Amino acid sequence: MSSSAISNISLFTQKYTFYTSLIIFCIGFIGNLINILIFTTLKLFRNNPSILYFTAESIANTIQLILFFLMNILIQVNETDPANLSLFWCKFRGMMISLCTLVSFSTICFSASHQYLSTSHHFYLRQLSTVKLARFLILTSVIISMLQTIPFGIFIEIQASVCAIFNQNMLNYISYFYYPVLSGLLPVLIASAFSILAYNNVRRIVRKQMPVVRRRLDQQLTAMILIRIIVFIVLTLPYDIQRMYTYIAKVDQSNQLYYAIINLIGSILVTLFNLNYAVSFYVFLTTSVRFRRQVKRVLVKKCWGQCKRCFFNNNNKVHPFGMRGSLTSSVVVQ
């Protein structure tokens, strides 16, 4: 009875992980590509630091989704995790997942902080909100995140056909700093604090005589960032808590039923966490009427319009030799 339950839970966990990964990849890949298209196409969004952060986040999220998708596809096709067989893939996967996670989360924090600066009623703070600073912060975030992945590349190894970290010092670093601080409470606290401050700034802007275009753009971006951060907190904290529990409590794998249930719960929380890389476009779409209009304008009027001009205009063109021949014929008849 217990053996049958363990096997059913394990099988359900595998199928659940595969299909949810496929769904998240599809919706996330499409959503992030549309984000990049919208933010790089509309003139309204150009030279705006927050939009630059949104674009960088979408790029990092796309890479992360491809990694997760390939990982789960390879596991299903080979019926085993390739990371347990290839040391290069084992190290590379761990390093890239950490890199993309930190870059994505840092850009969320930067977008909230820059929105606070750009909406501040203090001129010297507004001066700090520049595209040059945004590019510098993104580059710095990428470099620091790459340096932070070096210990993962060193200490991730394969033992007994399992790709994992076995060094106790590295496990302590992950348990007490990486999950609770770098990818947990620190980005959550920073993003939450600056988004609340930006919201208060926008309320002041509404009461002041500010240009309508700036006021509407600030309101739109602040609402998008605020809701995005709420979703970010809801999706991130449960996973971080579970990961800390897994490392600190050191789940006993000899109790196979308990271990299978822990794996199932972990898979569900991983799914929620991975939604961070897929939902930004849909959060923006549902929270901002202006963003919906902007998406419609770009996809329908610009993209679809260009496609129609390319295909239909080519079909309706008359070959110049055909026109010349008809003219010649008409001359002969005359």
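From the backbone N, Cα and C atoms, a Cβ is placed for every residue, glycine too.
Copied over from TrEMBL, here are the features:
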| type | residues | note |
| --- | --- | --- |
| TRANSMEM | 16-39 | transmembrane segment |
| DOMAIN | 31-284 | domain 'G-protein coupled receptors family 1 profile' |
| TRANSMEM | 51-75 | transmembrane segment |
| TRANSMEM | 95-112 | transmembrane segment |
| TRANSMEM | 133-156 | transmembrane segment |
| TRANSMEM | 176-200 | transmembrane segment |
| TRANSMEM | 221-239 | transmembrane segment |
| TRANSMEM | 259-285 | transmembrane segment |
Item checked: the transmembrane segment (16-39) versus listed stretches 95-112, 133-156, 221-239, 259-285: most Cβ pairs under 8 Å -> 259-285
Check: Near the transmembrane segment (221-239), which residues from the same chain, at least 6 beyond its ends, have a CB less than 8 A from one of its CBs?
Finding: 48, 50-51, 105, 108, 111-112, 115, 119, 183-184, 187-188, 191-192, 195, 198-199, 201-202, 269-270, 272-273, 275-276, 279-280, 283-284, 287-288, 291
